[in-house]
Structures are given as C-alpha cells and as structure tokens.
Amino acid sequence: MGQRLSGGRPCLDVPGRLLPQPPTPPPPVRRKLALLFAMLCVWLYMFLYSCAGSCAAAPGLLLLGSGSRAAHASPALATAPNGTPSRLPFREPPDTALAAGQAEGAASQEEQSPEAPDSPSPISSFFSGSGSKQLPQAIIIGVKKGGTRALLEFLRVHPDVRAVGAEPHFFDRSYDKGLAWYRELMPRTLDGQITMEKTPSYFVTREAPARISAMSKDTKLIVVVRDPVTRAISDYTQTLSKRPDIPSFESLTFRNRSAGLIDTSWSAIQIGIYAKHLEHWLRHFPLGQMLFVSGERLIRDPAGELGRVQDFLGLKRIITDKHFYFNKTKGFPCLKKAEGSSKPHCLGKTKGRTHPDIDPGVVQRLRDFYRPFNLKFYQMTGQDFGWD
C-alpha cells in the first residue's frame, strides 16, 4: 500500500497513481477580520464623500461649513499691479476726518470679531484636505450697517455656500498683494459649492468695480441696502460706542446748520447716497449681475429675502422659515441652528444697539436730502424700497 512521506507530500499508491492531496487549512480568523475591516473603512469613506454635498440638505441637518461653488474657471493668478489708494467720492472735513477714520477702523475690527468665526462643521473638517481654493464667484459688496453680517451668517447655513468669516478687504486695502494671496484666504470647496466673501466698504470704493471685473467679469454682486437715514444713525451709534467723546450727530450732519446744508463729506452721510455709488459699478457690471437686498425685509422676512438670494446664486432653496425665530430682545431674527452647530444662534452684542435720540427736525432734513437720490436709486434698480 502507498505510504505518505513526511511534510504531507503524496506518494504512489500504485504505480502511476497519486493519492489525493488533503485540503489546505482555512486562513486564520484574524486575517478575515482585518480584510473585512479594511473593506468597511473604504465603504464608509466613499459614503461620507458622496454624502458631503447632499446630506446636509436634509431638513434639520446643517452639517457643512460655509462654502463655495466653482461655477467658473479661476482666472489667472498673476500678481495684480499696485492699486491706487482707495478713497471715497467725497472729502472728509478736517474736523471730522479723524473721528470717521477711527470709526471705520473700529468697525472693521468689530466686523472681524469672534462672533463670526469661519468654523467648519464636523463633516467639513473631515474633508478639510479635500477640494480646492477658488476665487469668489459671489461677493457681498455693501453696504456698511445695512445687514451684511446677518445675510452672510444666514447664507452660511446652506451646504453649497462656503464663505470667509472675516472681511478680506482685498479690493480696497490689500489689492497690491495679488490674487494668489487673495485666493489663499478662501475656504476649500468641493464641486458644486460657491465661494463667497463680504466686505461692505467695496461699494463706496471707486477702484473696487474695475478691480473685481479684472478678476472675473462673471462675479455676482450682492448689495444690502437700508433706509439711508436709519443707516447713518446706526453708523454713528457704532462710532459712539467706540468713542463717546465724538461730536453730536446733529453737529456732524450739517456743514452749515443755520443754512441747512448737509455735510456730504461725512462718511455716515455719503455712504447712503446709493445712486451715486451704483453709477460706478454699472460701468463695469450689468444690472442683472447685481442683487439688491432690502435690510428692512431681511429683518421682517428673512426667509423671503434669503429665497431671492438663493435664486440669484443658482442655489436650491434650502434656507426657509423653519431656520429662523425672532428674538424680541434684540429685535432681529436668529437662526434656530447655526452652521456647524445644533444650538440657536443670534448675532453678537454689537448688533441691534439702541440708537440715541436724534432731533426730529434733523431727521426730517435728512429725509428731504436723500429723497431725490432714493428716487433715482429706485429707477436704476427697478425696485421701490419704500424709504419715503
């Protein structure tokens, strides 16, 4: 009879006939578990990646951080030439230039306070190394104290919007640093997301329209406007909170009070002459590329105004009434769930300050002054904002 040699090799049972080889023992259990775990990790990664752009759209899930859509190819990143110093259309009077300049600086610091960090949500943090940085396809260009911070915070709830939290001030203060530097400030985005930023001083910066057009003629521009009289008082209130020793609103308003001449060189006044500033923008962008958001309606009906903004940006209407509640103490709408959080979120204490009492006669004089400019602005935009 055949015999089996050592090592398990078969031997001849009869001449020319091999005994069958015994089956190979099964692989260790640990190897199977390791393979199963690796497959599970790959599947989980693919699932999260595919879900990143859509899971957050589900009701109640505000997962992704603020963001951006690569709607068009990025322009060449050649370093831009040094820009001329930004200036406003009207000169600052000697007695108010210092106060207004310091107020602008304080406002800038306030706008970049921790109340509006660019903090991504857990899933966007998971993909922090994914996507790419794009130049913004949409910019909120103004106006100061019109409601730009509220609009940006509301928009950041949308999973297809990624935005810079702080104001870059590229097209008015840092243009000489070049587009490559500017792009590096932007958050990373995935396909189908929009990159945004907001700097309200762009609207009153003469050089900004040409500079943004040079970056991309397809850039979408959003302007949040507000009753210019209320806006001026709010502007003054912000300055007063930083410098309690500044002159009264009434004394800063008039160049010659006895003659009733408004001092249009005071920044709080000249920002509200919207028609004059808009003329500069229309030389470089068609009206259809600009959206004018009512600051008053943004407070009364935030979901309605956000619907218009989402349509303008080509986004699905995800931000609706269910995202807001009205805070009676602040007098502003708040988010039920902030971006990347499950807690309610209101704008910080710097928003919704109580305005000082202003002489009704001065308020009426300002309304008379702004009326023709408002009417021209209504004609230029095709919208009646109801300020008169």
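Positions of Cβ are set from backbone N, Cα and C atoms, glycine also.
Just so you know, TrEMBL annotations never went through curation; they're auto-generated.
Per TrEMBL, active site, for sulfotransferase activity is recorded for Lys145.
Per TrEMBL, the feature compositional bias 'Low complexity' maps to 99-131.
For Cys346 (disulfide bond), other Cβ atoms within 10 Å of its Cβ number 19. Positions annotated as disulfide bond by TrEMBL: Cys334-Cys346.
The annotation domain 'Sulfotransferase' is assigned in TrEMBL to 136-371.
Taken from TrEMBL, the feature region 'Disordered' covers 1-25 (among others).
The annotation region 'Disordered' is assigned in TrEMBL to 76-131 (among others).
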Please report the number of other Cβ atoms within 10 Å of the Cβ of Cys334 (disulfide bond).
19
Rounded to a whole angstrom, what is the C-alpha distance between Lys145 (active site, for sulfotransferase activity) and Cys334 (disulfide bond)?
17
